[in-house]
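Remarks on the structure that follows.
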Amino acid sequence: MAISAAQNPLYIGFDLSTQQLKGLVVNSDLKVVYLSKFDFDADSRGFPIKKGVITNEAEHEVYAPVAMWLQALDTVLDGLRQQGLDFSRVKGISGAGQQHGSVYWGDRAEDLLQNLDPSKSLEAQLSDAFSHPYSPNWQDASTQKECDEFDAYLGSQEALAQATGSKAHHRFTGPQILRFQRKYPDVYRHTQRISLVSSFLASLFLGRFAPFDISDVCGMNLWNIKQGAYDEKLLKLCAGSFGVDDLKRKLGPVYEDGGLNLGSIHRYYVDRYGFNPDCTIIPATGDNPATILALPLRPSDAMVSLGTSTTFLMSTPSYQPHPATHFFNHPTTAGLYMFMLCYKNGGLAREQIRDAVNDKLGSSDDVWANFDRTALQTPPLGQKADSDPMKMGLFFPRPEIVPNLRSGQWRFDYNPADGSLHETTAGWDQPLDEARAIIESQMLSLRLRSRGLTSSPGDGKPPQPRRVYLVGGGSKNKAIAKIAGEILGGSEGVYKLEIGDNACALGAAYKAVWALERSNGQTFEDLIGQRWKEEDFIEKIADGYQPGVFEKYGQAVEGFEKMELQVLQQEKK
């Protein structure tokens, strides 16, 4: 049966995050035509959750009830139907799932998935499909012991990062599975399949187990990125006495093509909602990989998410793993990697200094006005003359992971001429000098850790991103945008990306468009780049590269690295 209105097919991207499920519908021109949401706290019935999760403080566990996600999918599909979506026009479906979370399917799962009754909801039919009713959330911190084992197993954190793209983290699926099989050996024995949240979503639409996506599998500490296969040694650690073959069966295969046709939608959705039987299911990916698909991000473009935390994402052909960073396979484009940095201290650190500045200068209607003005009036690195030392600091209201430090504040003077570094507050006009220093501190850390991943844009310019895209609350701030450009560069400038909080769902929907409309060998960046109407989504908000200033910050990066090492050594003592 051909897609009705074949000239106007529609595509759905689902985003299953910690606090809500979204279903977003786009057409071939990438225009959003429908959006349906289910907020777990506001809309779910019968689950003792707060902010989408259940917390067991005693064991540092944070997890979500999987049946709640079934309830959410039932409701989101009903919402799209009520809005008037003609499901027969939907040609493809993909999704984005919160990364690292695992779902444990029981013995009867595949049978239940295959034999869904269209007169009943998913929640009514699949609540018993799981050997374990909960999925660990990325905020879970119960696996310190297992992380230590993973970090040691190949010899060092560096070796684990080299193999899998990341050192061990509490939230990563490998350490989580290791703890799970030790804590619940009987449940693990009766687990037929382990899905990631992304492949769980795809499985629901297929009516059978969907494979992991080539990018999301990199968030497990089990996939050897360079070999393009599971790491046999790490599987051995993770499987324990149950054995590697059993774990491999539970994990299932992984395919290279992010646009793979996994098969047609299950009959259940055809009969219940009127989907076309030819509607194709495309592998769902993780929420971070989906974010870089929300625009045609070119290799060496950088995306900085300035929310409560700071996340830095980049598409790069260079694989240079380090324990402080993350590398994943790119979700659509072979030969590219997604580079990611996550910081706990983002907006909170800036707001603390903003409030101190307002206390000193008096507050106005615009709470950021004093902060912005002060930051822009302060010369780069607080240097009134080139012979003055550079002022730099670390400002962590909460413990940080990059670098691994307690909460605190440290201020230094750095002299690039002789490389000397002194911890001091002398010469600092507190808190006014800190308005610029906090932005510089956050951006210098990004520049330090993304060194070697960019190339020269030509014209004799130093290596830097082509464009820097800012998203999230901090992107509205003029001082942050200007200073970000001065430090990170951006041969074409700094842009504000306006896609609200729908980036993951958009990226998933675009992935479905690309998978089903690409010509032979056409890349995601090429197809989406041709159709993406730049003026609808982005606005240039600052210059990027500025000769002289960029190079001065290049010198500052050396001092910044020394400062971090010195503070780390002091804290060890």
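The backbone N, Cα and C atoms fix where each Cβ goes, glycine too.
If you check Swiss-Prot, you get these features:
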BINDING   H100, R171, D287, N288  substrate binding site
BINDING   W368, G473, G474, N477  ATP binding site
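In three-state terms derived from DSSP, D287 (substrate binding site) belongs to a helical segment. In this structure, G473 is the one among the binding-site residues G473, G474 with the smallest number of other Cβ atoms inside 10 Å of its Cβ. Of all the binding-site residues listed (H100, R171), H100 sits in the most crowded Cβ setting, with the most other Cβ atoms within 10 Å.
For H100 (substrate binding site) paired with W368 (ATP binding site), the C-alpha to C-alpha distance reads 36 Å. Counting every protein chain shown, the number of other Cβ atoms lying within 10 Å of the Cβ of W368 (ATP binding site) is 20. Once Cβ contacts within 10 Å are tallied over all protein chains shown, the binding-site residues N288, N477 are led by N288. Spatially, by CA atoms, the binding-site residues W368, G474, N477 include one closest to R171 (substrate binding site), and that is G474. Its Cβ taken as reference, D287 (substrate binding site) is surrounded by 25 other Cβ atoms within 10 Å in the chains shown.
Apart from the site residues W368, G473, G474, N477, the chain places the Cβ of L306, G347, R350, S475, K476, I480 no farther than 8 Å from the centroid of the site's Cβ atoms, the recorded ATP location.
Rounded to the nearest whole angstrom, the C-alpha distance between W368 (ATP binding site) and N288 (substrate binding site) is 29. A gap of 18 Å separates the Cα atoms of G473 (ATP binding site) and N288 (substrate binding site). Taking only the Cα positions, the spacing between N288 (substrate binding site) and G474 (ATP binding site) is 19 angstrom.
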